[in-house]
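Database features, via Swiss-Prot:
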| type | residues | note |
| --- | --- | --- |
| REGION | 86-122 | region 'Disordered' |
| COMPBIAS | 95-114 | compositional bias 'Basic residues' |
| DOMAIN | 121-269 | domain 'N-acetyltransferase' |
Amino acid sequence: MDFIGRFEEIAGALKALAGTEKMGKIIVYTPPEKKDEPETCGYMEEGIIRRYYAGKDCHIYSNYPESSREISFHKEKEDRIIKNCLRKDRGTGKNQKKKKISRKKDNWKKRKEKSRLPEGYTLRPAVQADASAMASLYSQGFELYPTPLHMENYILETMHSNVLYFLVEKYGKIVSLASAEMDPKNRNAEITDCLTIPSERGKGHMKELIRALEKELSERSFLISYTLCRASAPGINAAFSSLGYAFTGRLVNNCRIGNGFEDMNIWCRML
């Protein structure tokens, strides 16, 4: 929910609600001018999304009514993944920031010609006719997920809202896909719902999808793209790091994915 006012006015209600609903974690997004208020109420800053509020940073604070939820069980592994990402050459991402990318729209035939995908692969925006196959792929890829991507109707509904879906096909069969949840008011977009089938991983599909989403977002005058990705998954973290995204924090036990709650890394990039 959105709240305008002093955080202390709502902190008690949030704590009571968490107790009633047996919530293990309370998450608060706040602009820079309000960032000290959650701290005075016992909240801890876990990360930042750069330029989230139409150019202003967003500070993410958390409180853990359930103390066990605060424990990161794979911290050492996740720290190693980030260390490896930051150690690798990020020159490509830096160069991309310096370049003035044309905002002119081109057709998808031209984009296909410039694609780095191997022969037989096609990258394109998803359409309504893809929803059934997309839902099936998501249901196979995630045992648990924060949103019902396994439902065709849900995907169709989000297609009509502020969600862009892009996919990679191999001879007409979807092998990789991702989306961008757009916030037009604040001109930010979250790149999410990233999935590649096991036999196609490591071939660079996700990087191409991210690039395509970024291009579309830039053409729509969005300021920033960011992601909250699984902290224990090396591939997806490496993909965002190699594209010039900055690591800006980790949200502990934040999302139900796979077998339970997982830590999520924050990566941000100006468009």
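Glycine is no exception: its Cβ is also placed from the backbone N, Cα and C atoms.
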Secondary structure tally of the domain 'N-acetyltransferase' (121-269) (DSSP, helix then strand then coil): 49 helix, 62 strand, 38 coil
For the domain 'N-acetyltransferase' (121-269), the mean pLDDT of the predicted model: 96
